[in-house]
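Q: Swiss-Prot feature annotations, pasted as is:
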type: SITE; residues: Arg16; note: site 'Transition state stabilizer'
type: SITE; residues: Lys23; note: site 'Transition state stabilizer'
type: SITE; residues: Arg141; note: site 'Positions MEP for the nucleophilic attack'
type: SITE; residues: Lys197; note: site 'Positions MEP for the nucleophilic attack'
Amino acid sequence: MIKSSLILLSGGQGTRFGSKIPKQYLPLNGTPLVLHSLKILSSLPQIAEVIVVCDPSYQETFQEYPVSFAIPGERRQDSVFSGLQQVSYPWVIIHDGARPFIYPDEIHDLLETAEKIGATALASPIPYTIKQRNPVRTLDRDNLAIIHTPQCIKTEILREGLALAKEKQLTLVDDIEAAEIIGKPSQLVFNKHPQIKISYPEDLTIAQALL
């Protein structure tokens, strides 16, 4: 069993959600949203340390958990880089605080695949017809996927990829793209359970129904 560090990204402002409080700190069934995933992740034997990337004003939210903190950056990759400075294990799991649902069997699958490949992300097949906008044409959805977190990547690959992104002034849209840009392989692990990211108020209602 490989040991990994967890970087929990909880620094977003949730502008699409339209709340004065960042969405990851809003209550879901009486508990701050971000703590739903942290409760499960921090209990897993594969996770040896937790780094929470958040604004210092919200650190008190995590007082019941043995975590360290990092300051969020302007972009997602900057926040990941900030958390990465405290990582002390050869593998990193990265998760969004706005995604409350975590399943231990999927973490096992991610880590098992990452150990063989180097970088993995949780994903779902696309059930809809997908079209390119300009020019309009239909895309083969069988070759596309919806990407979620957690994502798992070898620490040295993540460091190298983020360094190259900084050098080339690239913006990465997810974490395993750090492997892609340095020519390292990655693989998707398809989810077995419902996945939802809280982006809009109605998503909280859906999440409540799934609890």
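Every residue gets a Cβ built from N, Cα and C, even glycine.
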Q: Long-range neighbours only, meaning 6 or more apart in sequence with Cβ under 8 Å: which ones does Lys197 (site 'Positions MEP for the nucleophilic attack') have?
A: Asp96, Ala98, Arg99, His148, Asp203
Q: In whole Å, note down how far the CA of Arg141 (site 'Positions MEP for the nucleophilic attack') lies from the CA of Lys23 (site 'Transition state stabilizer').
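A: Distance (Cα to Cα, whole Å): 31 Å.
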Q: For the recorded sites Lys23, Arg141, which one has its C-beta crowded by the most other C-beta atoms within 10 angstroms?
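A: The largest 10 Å Cβ neighbour count belongs to Lys23.
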